[in-house]
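Notes for the one structure printed next.
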Amino acid sequence: MTETKYIFVTGGVVSSLGKGIISSSIGKLLQARGYNITIQKFDPYINIDPGTLNPYEHGECYVTVDGMETDLDLGHYERFTGIQTTKANSLTTGRIYKSVIDKERRGDYLGKTIQVIPHITDEIKRNVKLLGKKYHYDFVITEIGGTVGDIESTPFLEAIRQLKWELGKNALCVHLTYVPYLKAAQELKTKPTQHSVKELQSIGIQPDVLVLRTEKHLNEAILKKVAGFCNVDFDCVIQSEDLPSIYEVPVSMQAQGLDTAILKKMGMEIGEKPSLGPWRKFLERRNKATEEVSIGLVGKYDLQDAYKSIRESLSQAGTYNDRKTKLVFINSEKLTEENVAEQLTGLNGIVICPGFGQRGIEGKIVAAHYTRTHDIPTFGICLGMQMMVIEFARNVLGYADANSREMDEKTEHNVIDIMEEQKNITNMGGTMRLGAYECVLKQGSRVFDIYKQEHIQERHRHRYEFNNSYQKEFEKEGMMCVGRNPESDLVEIVEIPSLKWYIGTQFHPEYQSTVLKPHPLFVDFIKTAIENKKVTHG
Ligand code: GLN
């Protein structure tokens, strides 16, 4: 195949329909047919990236290998397809405008008046095609954030209209809408879908494929009605019913022929239907696992999306241990010495979550103390690891004022300190230690045993770091520094080998766990949590 094909995924009616899951599923199905694919996300907000957004606003911030702070949908793309995304896979209106304004300041436009059309739309088009041109992908799937009809997505839709016109059969639009069920009337309603397609048509875009999100099965008559009213071929109207797991979606899409509809529309050969063998095996194992392992997530964001990748990594690791992972959120702001025993009862393992700022950290320290002294498997991630270190310094090394420079500027015992290169940074956006860095594991350590290799690469997002001047004291008392960056000598992993599983990582392993390649740390953590369950329950 020579020319790159472009698939646009838009959404209508309401947000949160799962465009990311549909885009990932399309990617997965085309990949299974042997195509080289990538998926990118364009978000219509003005922030340069979601890095400065509160997780309550936008859920987790996902980090790519090359250090881009991105929308959490990129996590779905990677988990479903195993591809690695980069900076070029994530764009916002802010970045598009910044790039155009920078060009204007440089004088690149030679005296022209800079306008949304053509300059902003051209910049969007250039970015859509960038990946296809540079890496010669067979398919570039572009998901447009937001909902059709939003003022801010208009330039993106205009760019798609132009691209569809210019690229002909090499471009296609998949539109995701919602078919609500009205309980009182006992009816499924297609009108919102018709309206949202009309909205697209009024901008000049005719969707080629419709995916209808629904809580109830849609019969043929409804699908035919939608096809007829929206000028879409009947075999290009697909339904996306609620399923027990997001990982069932690709299989359901394949069964309804979403991939063949796309290939047909683009004038491509259909070929043999791929078996999706390893994926189906994963689902089979997942559905067979009925026994639970309960994991507590100690954090401050009581929002499913705030720790998305951690949740998915734990859930995948459960499957690979033939267990169903039950996740229990524990609000660290409400966790105290008095209630910790009761709050953590029945949990087989605890994850101390990442985060920023003072709020909720004392509860994380309380959790770390309880799990360390009761030998409950504990996984500290980024801020979670830092809290494990602070707890150890306070209660084992005897430094009652031990803290992180982030929380206490003046403490004498800054066991977590600001990184040297972060000291003079004033701009908050995109300036943390971001992306993949090498880490060398200590031979004979627990983590070496888990990874079964000495050199690993993991992704980071932080400004503070273990203070190396305390290393000897920690190690003397049993908390070992077992992973280091070979260049900067920064401590990336601590562990207490005398406990069942007490490991803290400065990096975020959750960004690298995928459906078919679960992360070894999560798999081993769940395995130990299951063993712990057996012990504590006799
Ligand atoms: N706030 C801590 C730091 O900047 C931890 C960040 C995180 O958990 N991602 O170092």
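Cβ coordinates are placed from backbone N, Cα and C, and glycine is handled just like the others.
Within Asp73, Asp302, Asp305, Asp322, the residue that TrEMBL lists together with Ser16, Leu17, Gly18, Lys19, Gly20, Ile21, Leu243 for binding ATP is Asp73. Residues Ser15, Asp150, Ile151, Glu152, Lys189, Thr190, Lys191, Pro192, Thr193, Gln194 are recorded by TrEMBL as CTP binders, and the candidate that the same record lists for that site, out of Lys98, Lys103, Lys112, Lys225, is Lys225. Here TrEMBL has Tyr56, Gly355, Leu383, Gly384, Met385, Gln386, Glu406 binding L-glutamine, and the candidate from Arg106, Arg459, Arg463 in that same listed site is Arg463. Most buried of the binding-site residues Lys19, Lys191, judged by other Cβ atoms within 10 Å, is Lys19. For the UTP site listed in the record, the two most distant Cα atoms among Ser15, Lys189, Thr190, Lys191, Pro192, Thr193, Gln194, Lys225 lie 23 Å apart. Calculated from their C-alpha atoms, the gap between Thr193 (UTP binding site) and Ile151 (CTP binding site) amounts to 19 Å. Taking the recorded positions Ile151, Cys382, Leu383 in turn and counting surrounding C-beta atoms within 10 angstroms, the largest count is reached at Leu383. Taking Cβ-Cβ distances under 8 Å and a sequence gap of 6 or more within the same chain, the neighbours of Glu510 (active site) are Ser309, Ile310, Glu312, Ser313, Ile381, His519, Phe522.
Local packing around the binding-site residues Asp73, Glu143, Glu406 was summarised as the count of other Cβ atoms within 10 Å of each Cβ; on this measure the leading residue is Glu143.
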